[in-house]
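Student: Just lifted these from TrEMBL, have a look:
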{"type": "DOMAIN", "residues": "1-373", "note": "domain 'Major facilitator superfamily (MFS) profile'"}
{"type": "TRANSMEM", "residues": "12-31", "note": "transmembrane segment"}
{"type": "TRANSMEM", "residues": "43-66", "note": "transmembrane segment"}
{"type": "TRANSMEM", "residues": "143-163", "note": "transmembrane segment"}
{"type": "TRANSMEM", "residues": "192-212", "note": "transmembrane segment"}
{"type": "TRANSMEM", "residues": "232-252", "note": "transmembrane segment"}
{"type": "TRANSMEM", "residues": "259-278", "note": "transmembrane segment"}
{"type": "TRANSMEM", "residues": "284-308", "note": "transmembrane segment"}
{"type": "TRANSMEM", "residues": "320-340", "note": "transmembrane segment"}
{"type": "TRANSMEM", "residues": "346-369", "note": "transmembrane segment"}
Amino acid sequence: DMKVNTAQFMALYAWYSWPNVVLCFFGGFLIDRVFGIRFGTIIFSVFVCVGQVIFALGALLNAFWLMDVGRFVFGIGGESLAVAQNTYAVSWFKGKELNLVFGLQLSMARIGSTVNMNIMGWIYSRVRDLLGYTGPSTLGLTLMIGGVTCLFSLACALILAYLDKRAEKLLCKEQGKTGEVIKLTDVKDFSLSLWLIFVICVCYYAAVFPFIGLGKVFFIEKFKFSSQEASAINSIVYIISAPMSPVFGLLVDKLGKNIIWVLCAVITTLASHIMLAFTFWNPWIAMCLLGVAYSLLACALWPMVAFVVPEHQLGTAYGFMQSIQNLGLAIIAIAAGMILDTRGYLFLEVFFSACVCLSLIAVVMLYFVNHLTGGDLNWSAKKREKLQKVA
């Protein structure tokens, strides 16, 4: 509707990521020391709502630069809102309950992504039929309607603030805090194992999220799917992730061997991209494999950070990991758009496969570094539990 090329379209993803290269370090600080959990959640929800409105206005007025601004504002609120959400969870739930809560949070996020992918096209069609034409106005109104979910999120933030305030009075509990202590000087103490985990994270997610962003048109062009079929297959990664994330989380908790699980996930993802690039096999197979691998990697990779850094450096380590992940996603999103515009989908899939190969090399290196340094990343859950009892 707005006659933008792929590079411009992918820049919208990049504009979401840019503010979070910095904000990942300070989201927890702002919640703990400046706003408090309740007010912080409301403020970040407002940023999300305002960002979505600006984004929709940009489409309505056929001003693409305004859409970029909207995505930037949306990004300021988005990731920090996730930090606030986790802080509420930690404040209200403890121990084994918490693992289930985090699994359910991830599942709900994936359900939201799935609904968005499959229903926005339908809403656009209804708006087009109502107006009788396509164009920026149709797109803008569709995005405004989609923004209703952001208003619902803000309403939930207000209700949560009331409930948390009430619980504080009734139970005499303190307001939730992230507990994060961010010290950039800790970076110099990070081990080689942690840096390899960072490389795995950046290279892996760079081959998943930008691909999903471009996937719909890929399935339409290569496999001749209809728009609705393309949306359905593109969302299968999140559909699988919704129920499988808690299951895989429980499995990794019970069995341990985190590096092996990450290795399996990366190899499966590489196989998926190779199938999509070089074969005309039914793409449902590759996308289902990608969904399983994506779910498994998240459950096995992120907890490893806690095994290789002291507790007082966890905030810095996770903040840095999220920061470079957002930096990588921003750069790769722009690069992917440029490759697609100039070289086509085959080169793009080769590029994504190369990213996964880098991730695979980092996993293999992590395995040997962990083995040579006597690390515990690949211990079984039973062995880790025994040694913790002895300690």
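The backbone N, Cα and C atoms fix where each Cβ goes, and this holds for glycine too.
How buried are the listed features, and what sits near them?
Tutor: The average per-residue pLDDT of the prediction over the domain 'Major facilitator superfamily (MFS) profile' (1-373) is 88, rounded to a whole number.
Same-chain neighbours of the transmembrane segment (43-66): 1-2, 4, 8, 35, 72-78, 80-81, 84, 136-137, 139-141, 143-144, 146-147, 150-151, 153-154, 156-157, counting only residues six or more beyond its ends whose CB sits under 8 Å from a CB of the stretch.
Outside the transmembrane segment (232-252) by six or more residues, the chain places 99-100, 102-104, 106-108, 110-111, 113-114, 117-118, 208, 212, 215-216, 219, 225, 258, 261, 283-284, 287-288, 290-292, 294-296, 298-300, 303 with a CB less than 8 A from a CB of the stretch.
If you look at the transmembrane segment (259-278), the same-chain residues 6 or more away from its ends with a CB under 8 A from one of its CBs are 200, 204, 207-208, 211, 218, 248, 252, 285-287, 289-290, 292-294, 296-297, 299-301, 304, 346, 349-350, 352-353, 356-357, 359-360, 363-364, 366-367, 370, 377-378.
Panel annotation: around the transmembrane segment (284-308), residues 106, 191, 193-194, 197, 200-201, 204, 208, 233-234, 236-241, 244-245, 248-249, 251-252, 258-259, 261-262, 264-266, 268-269, 271-273, 275-276, 314, 317-318, 321, 375-377 of the same chain, lying at least six beyond its termini, place a Cβ under 8 Å from a Cβ of the stretch.
Long-range contacts of the transmembrane segment (346-369) within its own chain (CB-CB distance under 8 A, at least 6 residues past either end) are made by residues 192-193, 196-197, 199-200, 203-204, 206-207, 210-211, 214, 259, 262-263, 266-267, 269-270, 273-274, 276-277, 332, 335-336, 339-340, 375, 377-378.
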